[in-house]
């Protein structure tokens, strides 16, 4: 789970929200709320938004242009009783958030040639008054979610329309040992990016994956596993911690890793995946993996598909487990689909650019501590493990 802080209202209050490219809307927990967590096991303070405490808030009516557009994609609905614009969101883990839309000031930092400056814009966002499932528990509780999807209700698209900046945003997520990262809205100045086109008319960030290679050897995976249909397809999603593949592709991949590594395979109680005993550097024991997209390849290091599973009982070796999961596993999509979802484990330690103006996604390996952006909106993220 990567989360960031946003300032809302006047006087401004700050809210910690999960960064999610798999959804479109910014929403925060509102007072009063049924099912909203009151404390967080992440050891962060939780803050509830109260529209009555802000002098710049206003309710969003059913006739608001963004509400009208949102209703086309089930991102909004109209209350006949109040004429307010409302929503009910369902997420892949089965949790839900229900509430109504408001418009209020959002505070953020702008980086330009003159340095860092603070500014505000009026944005539409959700006021959550009812939550179920994991969103109602304290285990990984934050104040809400900021969606970075393609629809017009997303904060990047709202700001692009208001500020006349490119419809582009980027993130650079640092790995587990360091945590944190950078989230930027606006143009970037980085040459050497590899790009793949977005699948036309897709709601999420769907891309075309041609195949997977292990040590440059193409794996015998059925091309239909990655085809863009209702039940399959490939999505890049920062709101998912690990990665998920159709069961056929997943089984072929796990077998290829087993055959290519010199680490000792082991089964760990409570881990629904293949694990290994590791004494030494991952790069010396495990193969590199390549995701072959339309237009270019993404090279992955072992920690882009392995997750640390703890220390072995002997205390002399570590346990590392394959962090890619089968879509058919208990942690996979609850709707039974065989989607391929490329989450944070794949996207970390890379500069990833979502270029909506040109309908493409780009990436390059990058040390996230050394980024230079222009005309960008800066947000700082922290890292905690979570499976969406």
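We count from 1, first residue shown onward.
Glycine residues also receive a Cβ, built from the backbone N, Cα and C atoms like all the rest.
TrEMBL labels come from automatic prediction, so no person has curated them.
All protein chains shown were included, and the count of other CB atoms within 10 Å of the CB of residue 20 (active site) stands at 23. Per TrEMBL, active site is recorded for 20 (among others).
Residues annotated as active site in TrEMBL: 237 (among others).
If you look up TrEMBL, you'll see 2-364 marked as domain 'Peptidase A1'.
Classification of residue 237 (active site) by DSSP places it in coil, neither helical nor stranded. The 10 Å shell around the Cβ of residue 237 (active site) contains 25 further Cβ atoms across the protein chains shown.
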